[in-house]
Amino acid sequence: MYNINEWDHVFKLDPNKTITDRDLQAVCTSGTDAIIIGGTDGVTFENVTDLQERVQRYDLPCVLEVSDIEAIAPGFDKYFIPLVLNSQYKRWMLDVQHQAVKEYGDLIDWDDMVTEGYCVLNPEAKVFKKTDCTLPDKQDVQAYAQMAEHVFRLPVFYMEYSGMYGDPERVKEIASELKHTKLVYGGGIRSREQAQEMSVYADVIVVGNVIYDNLEVALQTVEAVKSTKMKDGGPS
Ligand code: 1GP
């Protein structure tokens with residue numbers, strides 16, 4: 001399952017948060033398709049590699065979502081590179097990535113890299129503020145999705161509601177827009193019903209914060225997503 005096209009559900013772990021070995025074991029053996037390590041604040045080489053080493057004891061893909069050039073570590077199965085499409089500044093779309101490639105280009109295995117067209121939709125999210133986003137309206141999001149698929153030909157379009165449950169109607173509209181680019185949804189999933197609702201439309205569901213607040217509910221989202229996808233006719 002090292003091909004993202006086969007994934008339905010992933011957990012995102014924040015290297016700046018603490019998780020016990022017992023909880024980590026439950027997360028990694030839950031049946032989720034992959035673990036993404038990523039966060040906005042306090043991401044360091046040390047906390048990334050510490051969590052990487054702990055996750056790699058388990059037999060599932062371990063992905064680094066790169067948010068800080070200082071915290072890029074070798075040995076991940078995949079590297080997710082966000083391009084923040086609704087940032088006001090090209091810095092978050094081009095410049096930080098350019099700097100990273102300039103520094104590490106010779107070491108990068110390009111096949112392991114997955115570029116994400118990131119659209120941040122929660123104005124209260126740390127990532128929204130950090131990357132100087134503006135809030136896109138319905139037509140804006142649709143155009144970003146079209147650009148991700150047709151202009152940039154990105155493998156992933158990520159509707160990022162981090163910390164807030166998004167609008168399923170909007171996710172549905174964007175899903176109908178995309179044919180080749182995979183739709184990833186993340187944000188505010190705090191029940192199996194919400195996981196189910198979003199997985200009807202999105203190809204991949206990302207579950208983050210609830211891992212730290214209510215592990216039991218977090219674990220239930222795996223089965224919720226998997227059973228919804230089975231009903232829809234297997235993995236998309
Ligand atoms: C954050 O999209 C992920 O990058 C998941 O969001 O933490 O709100 O679940 P939550």
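Cβ atoms here come from the backbone N, Cα and C positions, even for glycine.
Residues or ranges marked as sn-glycerol 1-phosphate binding site by TrEMBL: K12, Y158, M159, E160, Y161, S162, G163, G188, G208, N209. Within the same chain, residues at least 6 positions away in sequence whose Cβ sits under 8 Å from that of G163 (sn-glycerol 1-phosphate binding site) are N122, E124, A125, G187, G188, N209.
In the shown protein chains, 21 other C-beta atoms lie within 10 A of the C-beta of D14 (Mg(2+) binding site). In the three-state DSSP assignment, the secondary structure recorded for D14 (Mg(2+) binding site) is coil. Taken from TrEMBL, the feature Mg(2+) binding site covers D14, T40.
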Contacting binding-site residues, sequence order - K12, D14, Y161, G163 vs ligand 1, Cβ under 6 Å: K12, G163
Close in space, distant in sequence - T40 (Mg(2+) binding site), Cβ under 8 Å, 6 or more apart: S67, K126, V127, K130
C-alpha spacing of G208 (sn-glycerol 1-phosphate binding site) relative to D14 (Mg(2+) binding site), in angstrom: 8
Intrachain C-beta neighbours of Y161 (sn-glycerol 1-phosphate binding site), sequence separation six or more, cut-off 8 angstroms: L121, N122, A125, Y185, G186, G187, G188
